[in-house]
Amino acid sequence: MTKYIFVTGGVVSSLGKGITAASLGRLLKNRGLNVTIQKFDPYINVDPGTMSPYQHGEVFVTDDGAETDLDLGHYERFIDINLNKYSNVTTGKIYSSVLQKERRGEYLGGTVQVIPHITNEIKERVYRSGRETNADVVITEIGGTVGDIESLPFLEAIRQIKSDIGRDNVMYIHCTLIPYLKAAGEMKTKPTQHSVKELRSLGIQPNIIVVRTELPVSQDMKDKLALFCDIDTKAVIEARDADTLYAVPLSLQEQNMDQIVCDHLKLDNPAADMTDWTALVNKVRNLSKKTKIALVGKYVELQDAYISVVEALRHAGYSFDTDVEVKWVNAEHVTAENVKELVGDTDGILVPGGFGDRGVEGKIVAIQYARENKVPFLGICLGMQLASIEFARNVLGLEGANSSEINPDTPYAIIDLLPEQKDVEDLGGTLRLGLYPCKLAEETNAYNAYNEPVVYERHRHRYEFNNQFRPDMEKAGFVFSGTSPDGRLVEIIELQDHPWFVAAQFHPELVSRPNRPQPLFHDFVSASITNKESK
């Protein structure tokens with residue numbers, strides 16, 4: 001029978017529930033269990049696709065095209081699995097589904113209420129995740145903080161699940177904070193006690209408490225928490241700030257967290273073999289070289305907006321025993337006069353994805369600098385589109401060339417709407433989303449990176465390269481190294497007389513793993529290291 005683990009949070013948000021859930025998933029997978037994982041977000045948006053990155057951070061796209069929470073990126077990178085649309089559930093999705101059922105008459109004239117209809121829909125999403133993946137264990141992270149009004153239906157639903165399928169098949173893990181009061185010189189357990197009290201008042205008794213802390217938690221403090229929260233002392237798990245996220249699974253294993261979980265759920269799988277993971281962490285902690293990459297974006301104040309990009313750069317660096325330092329460059333501040341000052345000390349330049357016109361001209365200036373000064377360049381999504389526009393303006397001399405997204409009246413729409421997008425009015429969930437094939441041209445940097453004729457990558461865009469400009473740009477040295485299999489859509493572009501200048505319409509960062517870097521990132525970092533060594 002499938003086992004279910006629920007991870008909740010208390011006291012404050014951003015405690016690392018997602019990393020805790022992902023780390024536990026890795027430990028259980030290494031015990032030979034088939035693990036899947038999901039995130040429940042209590043906001044009323046159907047998905048984060050139209051939310052500002054300042055509000056939500058990065059939008060992570062799954063193979064099947066779901067726009068999801070950035071925690072799914074952590075899940076995939078840690079557990080090394082590909083998740084799907086069932087892995088992220090929001091209040092908006094739940095209510096939308098229930099209202100559609102009501103309109104179809106599925107409730108037989110009954111009064112539709114939070115209990116049982118909303119809670120039943122939530123439970124169905126939990127069970128479906130296990131069914132669709134044939135999982136031994138389903139880990140579900142509940143977003144928000146215990147005590148929030150928005151979270152109540154989710155907490156009630158997961159309370160009911162224990163009654164539905166039995167205590168041996170359900171486990172609750174609660175993540176809290178033990179703050180250190182500098183003035184008093186002591187750590188305080190009271191916020192954790194009150195958070196657990198709130199959770200218990202809702203009918204949920206946590207089996208494990210994971211306490212986030214800056215300093216070591218004494219045995220006396222663990223005993224106190226165990227007494228007041230009614231759990232075993234060994235089930236108080238310390239989550240200290242780590243020098244690398246990838247060390248967290250090893251810290252949890254040292255405290256026997258995965259064994260406690262298996263004992264409670266009556267799973268007799270052998271201990272997790274973390275030899276390879278330990279080797280990875282040791283490598284990360286002992287990188288001997290450095291390279292600096294400029295990330296030119298418009299959300300640089302909130303680095304979570306580009307979290308998968310940064311992780312993909314780091315993964316690539318691990319292959320070369322290199323610590324990749326990211327220099328955050330606000331695209332709105334970049335001009336032709338100061339671009340050298342802002343990016344001249346870096347070994348490579350990356351322009352990530354985005355929407356809208358803010359910061360676009362600054363990104364184009366940075367791309368021009370990379371092209372003219374032979375600096376390794378990687379463009380992603382909008383970065384690929386702007387690389388095309390920069391070439392059209394400054395090499396072909398098409399003054400005013402632009403994207404019809406940025407300037408609908410441009411005389412040269414190098415980037416235009418996909419034909420199937422012309423009549424689309426809704427913004428949410430209507431992009432070209434998910435995994436699509438890309439055919440690679442031989443004897444190109446793209447082909448050399450993948451060493452395969454056809455690859456599959458995840459997309460999230462509405463605009464595409466305008467094919468009427470293809471012949472002129474090819475004549476001028478612009479290489480279309482990746483297209484859709486029918487040749488209609490441009491997927492990857494690069495330059496002929498440049499050491500390494502590649503840009504992709506898709507989002508390669510989404511499939512990178514710490515032990516398996518994404519090929520374009522791998523070769524981009526390699527080219528950046530070579531550039532540094534040649535200076």
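In case you wondered, yes, glycine gets a Cβ from its N, Cα and C as well.
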According to Swiss-Prot, SER14, LEU15, GLY16, LYS17, GLY18, ILE19, ARG240, ASP241, ALA242 bind ATP; identify which of ASP64, ASP69, ASP71, ASP80 is listed for that same site.
ASP71
For SER13 (CTP binding site), what is the tally of other C-beta atoms lying within 10 angstroms of its C-beta?
11
Can you tell me how many other Cβ atoms are located within 10 Å of the Cβ belonging to GLU509 (active site)?
29
Same chain, 6+ residues apart, C-beta under 8 Å of the C-beta of THR189 (UTP binding site), given in sequence order:
ILE178, MET221, LYS224, LEU225, PHE228
When distances run from the Cα of GLU509 (active site) to each of the binding-site residues TYR54, LYS190, PRO191, the nearest one
TYR54
If you count the other Cβ atoms within 10 Å of each Cβ, which of the recorded positions ILE149, CYS381 comes out on top?
CYS381
Candidate nearest MET384 (L-glutamine binding site) in space, where candidates are the binding-site residues SER14, ILE149, LYS188, LYS190, ASP241 and distance is Cα-Cα:
SER14
